[in-house]
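Trainee: I'd like to ask you about the structure that follows.
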Amino acid sequence: MHLIVGLGNPGSQYELTHHNIGFIVVDTICKYWNFHSFSKKADYLITSGIINDNKIMLIKPYSFMNNSGIPVAKIQNFYKLSLDNIVVIHDDADLELGRIKVKKGGSSAGHNGLKSIDSFIGNDYWRLRFGVGRPEDQRSLADYVLSKFSNFYNVTPLVEKIAKNIHLMLQGDNTAFINLIV
């Protein structure tokens with residue numbers, strides 16, 4: 001069993017923002033692979049389904065970004081999941097818009113959602129880093145990541161490719177995964 005966590009913030013004011021790209025990708029995986037609708041739990045939304053004969057759980061923490069580790073730890077502990085079977089999808093301002101990197105372990109690089117997860121389960125889980133870039137104007141990074149994509153349609157094809165090919169990452173074939181989405 002694998003757990004795919006999409007990071008973001010709950011609420012309509014955060015929809016289609018840079019910081020919510022994890023939610024957007026997880027929603028697209030859910031739709032592409034015909035999972036059931038998300039169910040609301042205390043501090044997260046969850047659904048499950050099958051991708052290439054493997055059971056997959058998708059969650060969207062609803063505890064706000066800075067507390068994402070709480071629901072992730074609950075699920076990891078309940079299902080006794082190995083960190084090898086956890087993938088966290090998150091925005092990365094250090095990567096250009098549309099660049100993707102797959103990484104296991106490492107630091108949070110200042111990302112508060114990752115800091116929270118690290119504090120609860122450690123940092124040796126998989127990350128799918130989705131580049132959102134940095135502001136080209138005078139806005140602070142915080143204001144930028146909480147702003148909506150100016151041209152979301154430019155990001156949509158990449159999100160769809162990730163959803164379609166996520167099974168390769170879950171199988172450990174990160175090279176094929178990256179080659180098919182870029």
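The backbone N, Cα and C atoms fix where each Cβ goes, and this holds for glycine too.
Remember, it's a predicted structure, so these values are computed and weren't measured experimentally.
Heads up, here are the entries from Swiss-Prot:
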- H19: active site, proton acceptor (ACT_SITE)
- Y14, F64, N66, N112: tRNA binding site (BINDING)
- N9: site 'Discriminates between blocked and unblocked aminoacyl-tRNA' (SITE)
- D91: site 'Stabilizes the basic form of H active site to accept a proton' (SITE)
Trainee: Check the DSSP secondary structure of N66 (tRNA binding site), expressed as helix, strand or coil.
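Mentor: Note: N66 (tRNA binding site) is helical by DSSP.
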Trainee: Taking the Cβ of N112 (tRNA binding site) as reference, which residues of that chain separated by at least 6 in sequence fall under 8 Å from it?
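Mentor: Result: M65, N66.
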Trainee: Using the alpha carbons only, what distance in Å do you get between F64 (tRNA binding site) and N9 (site 'Discriminates between blocked and unblocked aminoacyl-tRNA') once rounded?
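Mentor: One finds 5 Å between the Cα atoms of these residues.
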Trainee: Determine, to the nearest whole angstrom, how far the Cα atom of N9 (site 'Discriminates between blocked and unblocked aminoacyl-tRNA') is from the Cα atom of H19 (active site, proton acceptor).
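Mentor: Each residue's Cα considered, N9 (site 'Discriminates between blocked and unblocked aminoacyl-tRNA') and H19 (active site, proton acceptor) end up 8 Å apart.
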Trainee: Out of N9, N66, which of these recorded positions shows the lowest number of other CB atoms within 10 Å of its CB?
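Mentor: Among the recorded positions N9, N66, the sparsest Cβ neighbourhood within 10 Å belongs to N66.
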Trainee: Where does Y14 (tRNA binding site) sit in DSSP terms: helix, strand, or coil?
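Mentor: The three-state answer is helix.
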Trainee: Would you give the longest CA-CA distance, in whole angstrom, between residues of Y14, F64, N66, N112, the set recorded as binding tRNA?
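Mentor: Overall maximum Cα spacing for these binding residues reaches 16 Å.
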